[in-house]
Amino acid sequence: MDARRVPQKDLRVKKNLKKFRYVKLISMETSSSSDDSCDSFASDNFANTRLQSVREGCRTRSQCRHSGPLRVAMKFPARSTRGATNKKAESRQPSENSVTDSNSDSEDESGMNFLEKRALNIKQNKAMLAKLMSELESFPGSFRGRHPLPGSDSQSRRPRRRTFPGVASRRNPERRARPLTRSRSRILGSLDALPMEEEEEEDKYMLVRKRKTVDGYMNEDDLPRSRRSRSSVTLPHIIRPVEEITEEELENVCSNSREKIYNRSLGSTCHQCRQKTIDTKTNCRNPDCWGVRGQFCGPCLRNRYGEEVRDALLDPNWHCPPCRGICNCSFCRQRDGRCATGVLVYLAKYHGFGNVHAYLKSLKQEFEMQA
């Protein structure tokens, strides 16, 4: 019996399954089983409601982002600040106008005060100057008006200083006024301030005189000839023949002092001006000459002795001025007991001589004739 019941049950189950095939299915939307958690979460209604809530949340978030409290707070004060700034600007305009008006008034007042003070100071200064001038004119011996020259005849001359035979006269006497230059002579318009003839005669032969002693002038035999031995530092004297003189060396001779180029290491020294330049110098053909004593530059040899360096270089028998005994440099003149000449070329040309040597020679002849 049990064996028969089992297949009958199976047949019933199969029949039920066949019946279930033709049963109309119920859609998920019409399901009312809200208690089932799976049905509630998997249903379309729940999905739709979930999407709608998410969309609403997104909308609210976007609205919060676009129209959040910060944006609203930023926009509303901006409108209020514009109105406030306009009101402030309107309120400042009359205040600024009033300030500018007050400043302009104060500036005008300060300008008027400054001009008044300036005029008052000028008036006081003029009054003080007039008072001082009146007091100065009241003193006895004061001059009235401006004299054109300091050395006019109206002024008392200072007595001449006596010169004793044992004391050398001063070559640069004390000045009573500023030296007369070209600019001052143009301003003054007269040459009365030039030295007098007596003073010129007194200083005229100072260049050719010997040193004074207690007994009188020193003779040439009494002059102390200082014989100094030639040291090992002295450069050897090299006599260059005329054949070794090149055209480049002749072209390198300076005709003007402005053409000189100074060089301490490569230049050669001129005996007259003691300047070390790179221009061509003379070469003494005297065997007894030594060192750089026979080297003279172009301007010095022309202005001092009236000779040319090119002619001296091409002359095989040319001797330098120290070897001839006519050197007028400061060292040689001091060795001979005479004073230095200084820049004497302009005075020599003023008296009609072309060089200093000719001028000194004429002075010496005049001095010997008077003596």
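Note: Cβ is positioned from N, Cα and C throughout, glycine not excepted.
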Tell me which residue from LYS15, LYS19, LYS204, LYS212 Swiss-Prot records as SUMO2 cross-link.
LYS204
In Swiss-Prot, the phosphoserine annotation, restricted to SER33, SER62, SER142, SER231, falls on SER142
Which candidate in SER27, SER190, SER362 appears in Swiss-Prot with the annotation phosphoserine?
SER190
From 143-159, 160-176, which range did Swiss-Prot mark with motif 'Nuclear localization signal'?
160-176
